[in-house]
Number of protein chains: 6
Amino acid sequence: MRPSHRAPDELRPVRLTRNYTMHAEGSVLVEFGNTRVLCNASLEPRVPPWLRGQGQGWVTAEYGMLPRSTHSRMGREAARGKQGGRTLEIQRLIGRSLRAVVDMKQLGERTLTLDCDVLQADGGTRTASITGGYVALADAIQHLLDRGELKQSPLTGLVASVSVGVYQGTPVLDLDYAEDCNAETDMNVVMDDQGNFIEVQGTAEGHPFSRDELMRMLNLAEGGIFRLIEAQKAALGTA
Amino acid sequence: MRPSHRAPDELRPVRLTRNYTMHAEGSVLVEFGNTRVLCNASLEPRVPPWLRGQGQGWVTAEYGMLPRSTHSRMGREAARGKQGGRTLEIQRLIGRSLRAVVDMKQLGERTLTLDCDVLQADGGTRTASITGGYVALADAIQHLLDRGELKQSPLTGLVASVSVGVYQGTPVLDLDYAEDCNAETDMNVVMDDQGNFIEVQGTAEGHPFSRDELMRMLNLAEGGIFRLIEAQKAALGTA
Amino acid sequence: MRPSHRAPDELRPVRLTRNYTMHAEGSVLVEFGNTRVLCNASLEPRVPPWLRGQGQGWVTAEYGMLPRSTHSRMGREAARGKQGGRTLEIQRLIGRSLRAVVDMKQLGERTLTLDCDVLQADGGTRTASITGGYVALADAIQHLLDRGELKQSPLTGLVASVSVGVYQGTPVLDLDYAEDCNAETDMNVVMDDQGNFIEVQGTAEGHPFSRDELMRMLNLAEGGIFRLIEAQKAALGTA
Amino acid sequence: MRPSHRAPDELRPVRLTRNYTMHAEGSVLVEFGNTRVLCNASLEPRVPPWLRGQGQGWVTAEYGMLPRSTHSRMGREAARGKQGGRTLEIQRLIGRSLRAVVDMKQLGERTLTLDCDVLQADGGTRTASITGGYVALADAIQHLLDRGELKQSPLTGLVASVSVGVYQGTPVLDLDYAEDCNAETDMNVVMDDQGNFIEVQGTAEGHPFSRDELMRMLNLAEGGIFRLIEAQKAALGTA
Amino acid sequence: MRPSHRAPDELRPVRLTRNYTMHAEGSVLVEFGNTRVLCNASLEPRVPPWLRGQGQGWVTAEYGMLPRSTHSRMGREAARGKQGGRTLEIQRLIGRSLRAVVDMKQLGERTLTLDCDVLQADGGTRTASITGGYVALADAIQHLLDRGELKQSPLTGLVASVSVGVYQGTPVLDLDYAEDCNAETDMNVVMDDQGNFIEVQGTAEGHPFSRDELMRMLNLAEGGIFRLIEAQKAALGTA
Amino acid sequence: MRPSHRAPDELRPVRLTRNYTMHAEGSVLVEFGNTRVLCNASLEPRVPPWLRGQGQGWVTAEYGMLPRSTHSRMGREAARGKQGGRTLEIQRLIGRSLRAVVDMKQLGERTLTLDCDVLQADGGTRTASITGGYVALADAIQHLLDRGELKQSPLTGLVASVSVGVYQGTPVLDLDYAEDCNAETDMNVVMDDQGNFIEVQGTAEGHPFSRDELMRMLNLAEGGIFRLIEAQKAALGTA
């Protein structure tokens, strides 16, 4: 039995609260159980130097944890003077995942920056960031459509993400912190609404996993992401 | 008339939400109107190297703004690789203000770190941080008392803070962003519940202020801080 | 047809040259075609602070590219003052992969650091690093066994890695730079000699991949890794 | 009685030596007793990026202490790789204070940078920096007038600064290091030659101060600054 | 007798392998005995900002040691976040030495960057870098001549370098690590093919040297550099 | 004729002012003409980690230029976040030069740090730093002898330094900035009072120098250093 008493294929309660803060073009608080991430999408009418003059846009992401979002206080990255490897890895993953559903030509010479800041961590902060980040992104794009700055949405689909793992020999969906710490294997899966994979990142430092376990984890992820995409559509009123 | 339509001596609505996140020993969301700061107080059973073995504790603070807490997105300090001068100045102010009401001997060899992270900014983030931070600090100390780790509270009083300024020639209390941008003078005042001053920081880059204006600003601040301390007591259930 | 004229399941020529430099306890030049990485394994009789006194060892990795290992010169990370996100991500991956086949208790209070420095890049530098790094690691451990510092090898298996991708609709093995640039999907797979997965990292920024494509890529990877492990055994004289 | 045997309202001997070094457009060694700060004003015919094309100038300041300007040697900030919070706070204060008496339109598209480097510290380095810095600034502006690059002085007044504090219950003026260490309260006041306040920064980490103490400290500061402005005028030959 | 059993005026075996890697315009592995440095010369069609529009080029160098090029592992400079003083000193020396034989007007608005990366260190890495670097530089310039981008070579001569020292009272040539550690005096000499000096850097931390010792060291250096220049010519096929 | 109208073998006026500041154990303002460097020697009763427990001391140096010590303002290294290559090179040279005349065993487990801060630069700041730094060092050691903390001086000799160069074909002594900029060759020489060399650093980026020119420059340097050592003895009252 899982520490969370959930069934192996059961997600934690998911909440997507739009317009959580007032300045960002898209602002979503995403909750996967006790994990809470504030996803703010910002629009800027320019692109990075290496993209200038090509008539296309850019989508990027930054990720951070508040120092006391975790069980014991972590040092503040701004005070330490650099972002750690885990932070950089996560924000690169979020950026790639969102770019997979945006047509950069259609977006035009604009940068969409998604800031994912973890207010409270209980496992799955990167998957929550992608899932909530998509909704913030959709709101920021709607903002452009509403003001007539874009005629047509550059979004080519929806994207969501969930973790899966093997806990005491059983593949389980959406691990919380207690489960994640004791999982033998941990995999983050990102998929679009066509059921295709955008990212598959499985790690088995302690216990290598077999082809069969991989398949069973992917099945769980597929089911979970389908439900997360439903939650995104409901939140956006497009269900 | 103020942009906010408030009377000159009128505070914005103040809200202090305790237990806002689950891991910190004290966690308070403070709102001064649209300004929202998450204040997390963390306890650690050790002190900085220069205090070791002296049988006393330490209280310190860190401050940060989420990149899109502001009208236009600010660069993330962790990504830029250092905290700016304004950030360091504010976190030093918060630390000094809170240390003024803590008996370090009584606290014992512990460090209390207050993290003030601005979720949404609309002027007065440092004064909100001090005011909300005090409540988080009180909760963290109550946590020690409840667990029997401390016999007696090291708190020697309450502390709160508010800004005052001169707006179109009239001294006004608790400036929001629109007022702050156009104020001729800007002052942050920190006081304790005995009506004494802990910090007075007045700045008049554009328009030097007279002794008379100073007095009128201090009067406004005194009144505002009195009401903020009432709000702190109400939140803590000690009113 | 692939730019390299190889069959879809064909590896580039693999060369593993041991004792490539004279100071390191294990020193291997690994070549996957034109990709050349120098893998040096260093032993130090201490562990990081967070592991001290637990009677176990640590394996970690660092990765770097010489500035002109690539088509056009890249800025030197030491001169820029920090390692980029890609570098950190790769060295974390190499470290996890090697730790998966080392029994840390058996290793004892020692740190094994693997430095992977790319002399010439033509795609697949991280997979070559893992594959060649394992051989350097094995040599460093043999060094301990030969001197009687260890009675029994802490190695629990072999580990190797290869990339797979979808090139013009066809899954292909071991992409070189020209193929990698134009691949729709790119996946790095790390496996042990039992045929289990240690890492699976698939990325599809441009073209999401289906379950079927994933399976076909994993099949290719499995075959390639089997052959790489044969090459490792041959190099170590344990085939 | 004060450690310095001065009367409560007595300044230390003040010396302002112009043309102290030969390259800067304004170069003043200011001495407040044993405190010695070299203030060099440099002119550059450009403004920071955010001011370009607006037909106005900028005044900014940098502050540093030589490592052995103090009782025991401090680490060199250049070697540590960053300026500390106290340094940034002081240089921001100096910059704001000087900007308060310069008409930026009149200055035109030029930057005036004031470097304040402490050769010997004995309390009051920031107030000496502002007081001496004004004289260096005036010399740099005279340099522009003399060469016909400016027709009219952009200076709108004089500015000087002094510290006040409460020492053993008595408000005292211009604290030296021995007094500052033991003062219960410490306040830095910046005023112009009209008797208006530009900055008031009072800090009472140990002993909150009353309204009455504040008034008495401001009275002392007012008297001291009046005399410092006389000294500035005498040095500039405009008394 | 020298630890290396060489005669006092005997160089270690020198090897210059051209085209060692495939991307750089000039790529030379230089070996002075067991010291091995990879010298890659890169061409870029632009100059640093301070040289723009002057119709002349620039030659610069960067130097690094692989972490395990040495007896015990050194920390990676990229991970530590800065290049050490020794590294900066050496790369400045290499840059100056090469610039001494290049006519910058003739080179035109191009930058030639020489990367010297030490694969294996056994003393004399800086002198090997200069000696091998010259050959890489010559190859990069030939590359421009071959493609018709330059009509005439900007090279004005050849340059090579060797170390000399006083070992147990006897001046010796080309010190290896064991000799260098125990030498009383250490000097690096850079000369051109006219027999003139470009750099003379003698250091005698332990044992100041006399004019006579200096003369005898310079004689040895002169003989060694003559032979190194012969080796460069042979490698370039211009002997 | 030299821009300074000096004879080729003529030093600039040299001034050594002891006790220039009040906190340092040795504090000397050294002037070589218009070049002015403040040399402060600080004693600390500990050694760097790599020397602990070996019963010997350490001597090290740090060097900095005030931003406006030069013709046009240089960026402050503390603000830029790192010391440049030239700074590191000079402070390493100063440290080595002083260590050459100190018996580390005799010094005992103490660190002597020499801070050389350039107040005004007109060429020769590194040679002035060594020459003045020696006097500050001697004062700091006398401080230890006076207080009975040392029984016997660890100084084994005197050390001084001067620059020489070839200006319009003529070897000249002690170049000022105008001469240095136009010199074809530039050499810094450090010698002890026995007439032996401690450092010889000759650089000829523009015009390689012959053996004959080298000899003539060394002759000039020898004469100059002899007179500088006389000046040191006079300043210390040991002439």
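Glycine too: its Cβ is placed from the backbone N, Cα and C atoms.
Bear in mind that TrEMBL entries carry predicted annotations, made automatically and left uncurated.
TrEMBL has this to say about the protein:
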- B:10-140: domain 'Exoribonuclease phosphorolytic' (DOMAIN)
- B:Arg86, B:Gly124, B:Thr125, B:Arg126: phosphate binding site (BINDING)
- B:157-222: domain 'Exoribonuclease phosphorolytic' (DOMAIN)
For phosphate: widest Cα to Cα gap among B:Arg86, B:Gly124, B:Thr125, B:Arg126 in Å: 13
Listed in sequence order, residues not in B:Arg86, B:Gly124, B:Thr125, B:Arg126 with Cβ within 8 Å of the centre of the phosphate site Cβ atoms: B:Tyr63, B:Ile90, B:Val118, B:Ala121, B:Gly123, B:Thr127, B:Ala128, B:Ser129, B:Asn188
Averaged pLDDT, computed only over the residues in the domain 'Exoribonuclease phosphorolytic' (B:157-222): 94
Least buried by Cβ count (within 10 Å) of the binding-site residues B:Arg86, B:Arg126: B:Arg86
Cβ neighbours within the same chain of B:Gly124 (phosphate binding site) - under 8 Å, at least six residues apart: B:Arg12, B:Phe32, B:Thr35, B:Val162, B:Ser163, B:Asp174, B:Leu175, B:Asp176, B:Asp180
DSSP three-state assignment for B:Gly124 (phosphate binding site): coil
Mapped DSSP class for B:Arg86 (phosphate binding site), helix or strand or coil: helix
Tally of residues which DSSP labels helix, strand or coil - the domain 'Exoribonuclease phosphorolytic' (B:157-222): 18 helix, 29 strand, 19 coil
